Amino acid sequence: MKVKGTRRNYQHLWRWGTLLLGMLMICSATEKLWVTVYYGVPVWKEATTTLFCASDARAYDTEVHNVWATHACVPTDPNPQEVVLGNVTENFNMWKNNMVEQMQEDIISLWDQSLKPCVKLTPLCVTLNCTDLGKATNTNSSNWKEEIKGEIKNCSFNITTSIRDKIQKENALFRNLDVVPIDNASTTTNYTNYRLIHCNRSVITQACPKVSFEPIPIHYCTPAGFAILKCNNKTFNGKGPCTNVSTVQCTHGIRPIVSTQLLLNGSLAEEEVVIRSDNFTNNAKTIIVQLNESVAINCTRPNNNTRKSIYIGPGRAFHTTGRIIGDIRKAHCNISRAQWNNTLEQIVKKLREQFGNNKTIVFNQSSGGDPEIVMHSFNCRGEFFYCNTTQLFNNTWRLNHTEGTKGNDTIILPCRIKQIINMWQEVGKAMYAPPIGGQISCSSNITGLLLTRDGGTNVTNDTEVFRPGGGDMRDNWRSELYKYKVIKIEPLGIAPTKAKRRVVQREKRAVGIVGAMFLGFLGAAGSTMGAVSLTLTVQARQLLSGIVQQQNNLLRAIEAQQHLLQLTVWGIKQLQARVLAVERYLRDQQLLGIWGCSGKLICTTAVPWNASWSNKSLEDIWDNMTWMQWEREIDNYTNTIYTLLEESQNQQEKNEQELLELDKWASLWNWFSITNWLWYIKIFIMIVGGLVGLRIVFAVLSIVNRVRQGYSPLSFQTRLPVPRGPDRPDGIEEEGGERDRDRSVRLVDGFLALIWEDLRSLCLFSYRRLRDLLLIAARTVEILGHRGWEALKYWWSLLQYWIQELKNSAVSWLNATAIAVTEGTDRVIEVAQRAYRAILHIHRRIRQGLERLLL
């Protein structure tokens, strides 16, 4: 009974098992994801590109030619746009910033270009007979006389005049720093032989008369498709992550001031003093100090000079000091001691935070080198000042007290003026700055310092010695560009979605007039991918218009330079920026076109998403990640995905071509269009004409053949009755039999009748042959259909048979298994019961055995 019950229940078990297996397979199947292209996503990468300049040059003197050539820059934007990027952290490194290198190259190029048309002073590399200019009357202190003794020399020399073969003697005043003695052999006279400095190793070029070195703020701007990230952290040290980031198109106005030791007229720190270095533990690295409060420095050259010109050749004039009116006094700079001491105190506080709170900070003078390094060098109204800063850097800051920092008086820095300047940007070039007439004074603000730290074995553990440094102008530019870096906008984004490009259809490709506004749309960089994808239209609408506007501004700046013989470095950069912006836009549009996504903001594709690229779920991607995070996730696979998109689009276009070829057969109604009917009639006329022509040819050949045989028929269509055979006489006796069935022969006369008869015969022949062919085809189809149907029925019955056999076999096997299991279970239960009974009867057997023994 148990076995029969198991057999009945197993039929239901089989059905339920099959149903559960199918449900398990359905539930285990994962939904397939597909690659989707998005245009206008806020994604960027670090880049190196050509920057161009913007400047408001109209606010400055137009009488002179500014060495910075800011007239060639585009006008500054009156309403600059700055977009704060929320929830964005970006790494900056001011020590590896290509913007600094570009500015260095630009300033070098501008200096070189401004000196190209100027006079070369090679004829002045002659022997100079010089004496000290000793006019020092009406001075109140003898110290002044000693200080200025030998500062200015009156030199005579032989020079070629405007007539080349004529040499005359001229006199000129030179600064002591600009001449070097040749020999001191003469002891009987009060003059010595000198020559101009740098004559032995450099080409000296005189600055053109109307060249101005007055620094004008220059804004560096990026082309369309690029942007500048700006770090707004108030205590940012120039290296590392920045959490307060914004994006701008141009930097702030940077004054290209060439100076050493002290940074002038730069930007100030917003809170405390900030010190920056590439590596504080490496004493070879320069320390850039940014002050939070500026220190005024006022410089003066009190002498009232006049300027005269000496002709040193045809069309070449050398400008020198004519005479000095009034007292000969040293140039000097004034700094408030109280302000300077307060500044040093804040710097010391930051240095101790960096190097140790128990350190003694010592400021000392420069350790030596070129005059540009030893002294604070800068340009003041066209004159190059070299000021001794020993009084500024000559104190010790201990933990309890400070030495040499007391007082509220004014620090007076003695300065010397050089007219022959060794060009800071390259070796082998020198510049002669013509003297400026009248008294000179200029006021500047000290906004930063360049320091170096002493190292080696002579430094004690509790003392750090700092000295003024400089000389590498990159540090000057770096002090202003530390918070910027250039990025390249990547508006093309790729992400997985559930949507697939389903239908292959014909589609007109419109010109893409949408894109990613290179500033505005980056404001959504901190939002999730899902939130950004809902506003792609707004984000992508202004790219082309932004490019066009920028192109117009650049073009106007270039047109303003057409009167020049050659473009400045700014003009070249503007041309490069114009080309680069268009190239960037065309590249993105080309990729969209290759992928079949032209004119689309969201473009589905037929490329399946590979889990090896990223195995994150859709919810994690679209709800928790920003586009920047997602771009870093799949950055290594971007090129692979691009290749697959291109291959998929090529296959789709091939399928589209095949589909279009099938479209001609899909629309049968086109067969009845008037165009097709005219084509049919033309073909019919050609066929009939060909047949008639063949008929005529064969008729002529037949006539020729019969004429050669000796006779000619009465008509082309004469048909003689065919005689009956001997078994069929023409008639029957007594006129009672069947009549003769031979038809009368049609005798046709005329050419048209002949054509009609031939055409009629041809049509009848064609009709009979086509009818026979259709009957054969119909019979063949009928036979094949019947046999095919029989074969299908046979295979269906065979399939049903094998399915039934498999089912019966499975049921039999399962039934046998169930029976075996059941029988085995019964045997096990029976054995267990017997063992249990035997155990229960042990005491009875023992009792019975004892009873037998007792009996």
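From the backbone N, Cα and C atoms, a Cβ is placed for every residue, glycine too.
Noted in Swiss-Prot for the protein shown:
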{"type": "CARBOHYD", "residues": "N154", "note": "N-linked glycosylation site"}
{"type": "CARBOHYD", "residues": "N184", "note": "N-linked glycosylation site"}
{"type": "CARBOHYD", "residues": "N244", "note": "N-linked glycosylation site"}
{"type": "CARBOHYD", "residues": "N279", "note": "N-linked glycosylation site"}
{"type": "CARBOHYD", "residues": "N292", "note": "N-linked glycosylation site"}
{"type": "CARBOHYD", "residues": "N334", "note": "N-linked glycosylation site"}
{"type": "CARBOHYD", "residues": "N341", "note": "N-linked glycosylation site"}
{"type": "CARBOHYD", "residues": "N364", "note": "N-linked glycosylation site"}
{"type": "CARBOHYD", "residues": "N388", "note": "N-linked glycosylation site"}
{"type": "CARBOHYD", "residues": "N408", "note": "N-linked glycosylation site"}
{"type": "CARBOHYD", "residues": "N461", "note": "N-linked glycosylation site"}
{"type": "CARBOHYD", "residues": "N610", "note": "N-linked glycosylation site"}
{"type": "REGION", "residues": "130-154", "note": "region 'V1'"}
{"type": "REGION", "residues": "299-332", "note": "region 'V3'"}
{"type": "REGION", "residues": "366-376", "note": "region 'CD4-binding loop'"}
{"type": "REGION", "residues": "458-469", "note": "region 'V5'"}
{"type": "REGION", "residues": "460-469", "note": "region 'V5'"}
{"type": "REGION", "residues": "510-531", "note": "region 'Fusion peptide'"}
{"type": "REGION", "residues": "573-591", "note": "region 'Immunosuppression'"}
{"type": "MOTIF", "residues": "711-714", "note": "motif 'YXXL motif'"}
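Cα to Cα, N388 (N-linked glycosylation site) and N334 (N-linked glycosylation site) are separated by 12 Å. Residues 119, 121, 123-124, 133, 135-139, 144, 147-148, 151-152, 159-162, 164, 170, 172-174, 206, 209, 380, 383, 385, 387, 412-417, 434-444 of the same chain, all 6+ positions outside the region 'V3' (299-332), place their C-beta atoms under 8 angstroms from a C-beta of that stretch. Listed as Cβ neighbours of the region 'V5' (460-469) (distance under 8 Å, sequence separation of 6 or more from its ends, same chain) are residues 260-262, 286-287, 351, 355, 358-367, 373, 376, 389, 392-393, 449-454. N408 (N-linked glycosylation site) counts 9 other C-beta atoms within 10 Å of its own C-beta, drawing on all protein chains shown.
The number of other Cβ atoms within 10 Å of the Cβ belonging to N388 (N-linked glycosylation site), over all protein chains shown, comes to 17. Ranking the glycosylation sites N279, N341, N461, N610 by Cα distance from N292 (N-linked glycosylation site) puts N341 first. Fewest Cβ neighbours within 10 Å among the glycosylation sites N154, N292, N364, N461: that distinction goes to N461. By the criterion of other Cβ atoms within 10 Å of the residue's own Cβ, the least surrounded of the glycosylation sites N279, N341, N610 is N279. DSSP assignment over the region 'V3' (299-332) gives 0 helix, 27 strand, 7 coil. The residues of the region 'Immunosuppression' (573-591), classed with DSSP into helix (H, G, I), strand (E, B) and coil, number 19 helix, 0 strand, 0 coil. Annotated pair N244 (N-linked glycosylation site) and N279 (N-linked glycosylation site), C-alpha to C-alpha distance, rounded: 24 Å. Neighbour list (N334 (N-linked glycosylation site), Cβ cut-off 8 Å, at least 6 residues apart, same chain): I297, N298, C299, T300, T410, I411, I412, L413.
DSSP gives N292 (N-linked glycosylation site) a strand state. Between the alpha carbons (Cα) of N610 (N-linked glycosylation site) and N408 (N-linked glycosylation site) lies a span of roughly 74 Å.
Looking only at the glycosylation sites N154, N364, N408, N461, the one with its C-alpha closest to N341 (N-linked glycosylation site) is N408.
In the three-state DSSP scheme, N154 (N-linked glycosylation site) is classed as strand. Other Cβ atoms within 10 Å of the Cβ of N244 (N-linked glycosylation site), summed over all protein chains shown, number 16.
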